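K.L.:
In case it helps, TrEMBL gives these features for our protein:
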- 198-450: domain 'Chorismate-utilising enzyme C-terminal' (DOMAIN)
- Lys218: active site, proton acceptor (ACT_SITE)
- Glu267: active site, proton donor (ACT_SITE)
- Glu311, Glu446: Mg(2+) binding site (BINDING)
Amino acid sequence: MLKVKEDILRSLLDKAIQTIHTNEIKLVSYTKQIDEANPLAFFEAGKYMQGNRTFWKSSIDDYFIVGVGSALELATDNSTITYIENKWQNLLQDAFIHNPYETPGTGIVALGGMAFDPKKERTELWKEFNSSQFTIPAFTLTKYNNNYYLTTNVQVTANDHPEQLFNQLKDKEEQLIVESVDFPENTSVVSKDEIQPEVWKQTVKHATEQIKKHVADKIVLAREVRLELSKKAEPTAVLDQLAQTQPNSYIFAFDHGEGCFIGATPERLVKLEESQLLSTCLAGTAPRGETLEEDEKYKITLFNDQKNREEHDFVVQMIKNSMEDYCDNIDVPNEPSILQLRNLQHLYTPVRAKIKDGFSIFDVIDKLHPTPALGGTPREASLQFIRENEQLDRGWYGAPIGWLDSNQNGEFAVAIRSGLIQGKHASLFAGCGIVKDSDPEAEYEETTIKLLPMLSVLGGA
Ligand SMILES: C=C(O[C@H]1C=CC=C(C(=O)O)[C@@H]1O)C(=O)O
Ligand SMILES: [Mg+2]
């Protein structure tokens, strides 16, 4: 069986190289099913390969997509994601693809993300991250319903030698599919800088005043906490801890050179599978209780709290209205439910719909981002306030991150509960929805709890 599989890769390389004209470069993509492999071990083993690494675990299922090495980068600093979409479509048209599986997230997959606000000036902090950047990994491991798939992507030219290329790919594959690897050790936090809490609270107050003057209805404000760590933080160790401590969350890492953007976000932006679309409204927050009674009390209070319901409803209305342009059969429950996480609980409303022909996941992202859970309402007025008043560079925090495959499937989350680690330094981010009744102290406290998941896995809580 193994031999038959490998012969397909050989002949794919052969065919590609023979049909390519001089100066052309084409992508060859080959997918096969493999025996059980540990996604984290694969990610760790990929540390020594050239190119970016991406780790993605879906929030509800045992569903992983892990990419190591770069076959190709689709990136831009000044165009919209339409540019990425066009590049992606051209690439798919030209590529030599062998993927006999219908499983979403197998075959040629692009994994990436974008900046929260490409109009805001970039700082040094995010220098490793383009405004929009998608990686087509050299090797992708997909785990879905306890089946494992390995995809090899490689750029070939007319000058390549098929047998030589084949052997190189086999060698690399053997280095990646390993029984076990030593996982790196965890860090501890040496110092923590909350960065001007009083200034942040003043900005919250200023936002509430502007809201009362009807400049906007809701504005989401974020803050950054800087950490110094006992040693270089290793993404694999952080991911391992996040996976163990944060249920109901997408566990992700985008490891780009010196910087790794990493986190455990509960917020789905959009999932598209066979034209069925699922989005999630998540806004409105309460802590978890110490006892069952206290937990239940927080839950009921959150459900009935007018300020939180208002924060939430702005998101529901916006997502519902946006979907009307490109979806049929939109289904939105009348009332939110509660999503419980390790440290927090949120008001939660799932939105289901069927995407109309001719629309892609990029169209959906373009329309939805930023939702009022991360930007505000109305969109332009709230973004203007954030641009002028927020003291940090959000970079990819609060923006869509995720993947798409060549069969129009894909899933994107909103990158919250996250941080950027750079060697012995880390910047953690958290924000909250400011409405007219927001109290700066309470909002500060809310962001403190939102920072906890990342703070604790880095050894600081
Ligand atoms: C902006 C964040 O959370 C958003 C998502 C859920 C609840 C939120 C809130 O209640 O304020 C925020 O809108 C964050 O965690 O950094
Ligand atoms: Mg809130």
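Heads up, the Cβ atoms here are built off N, Cα and C, so glycines get one too.
Curation does not apply to TrEMBL; its annotations are automatic.
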K.L.:
Could you tell me the C-alpha distance between the residue listed as 'active site, proton acceptor' and Glu311 (Mg(2+) binding site) in angstrom, no decimals?
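P.N.:
That comes out at 7 Å between the alpha carbons.
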K.L.:
Sequence gap of 6 or more, C-beta under 8 Å: which same-chain residues meet both conditions with respect to the residue listed as 'active site, proton donor'?
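P.N.:
Sequence-distant Cβ neighbours: Thr280, Leu282, Ala373, Ala413, Val414, Ile416.
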K.L.:
Go through the recorded positions Lys218, Glu267, Glu311 and pull out the ones with a Cβ less than 6 angstroms from some atom of ligand 2.
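P.N.:
Glu311, in sequence order.
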K.L.:
Counting only residues 6+ apart in the same chain, whose Cβ is under 8 Å from the Cβ of Glu311 (Mg(2+) binding site)?
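P.N.:
Set apart from Glu311 (Mg(2+) binding site) by at least 6 residues yet with Cβ under 8 Å, we have Lys218, Ala283, Gly284, Leu347, Gly433, Val435.
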K.L.:
Between the recorded positions Lys218, Glu446, whose Cβ has more other Cβ atoms within 10 Å than any of the rest?
P.N.:
Lys218
K.L.:
Limited to the domain 'Chorismate-utilising enzyme C-terminal' (198-450), I'd like the whole-number average of pLDDT.
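P.N.:
Across the domain 'Chorismate-utilising enzyme C-terminal' (198-450), the average pLDDT comes out at 97.
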K.L.:
Would you identify the secondary structure of Glu446 (Mg(2+) binding site) according to DSSP, in three states?
P.N.:
helix
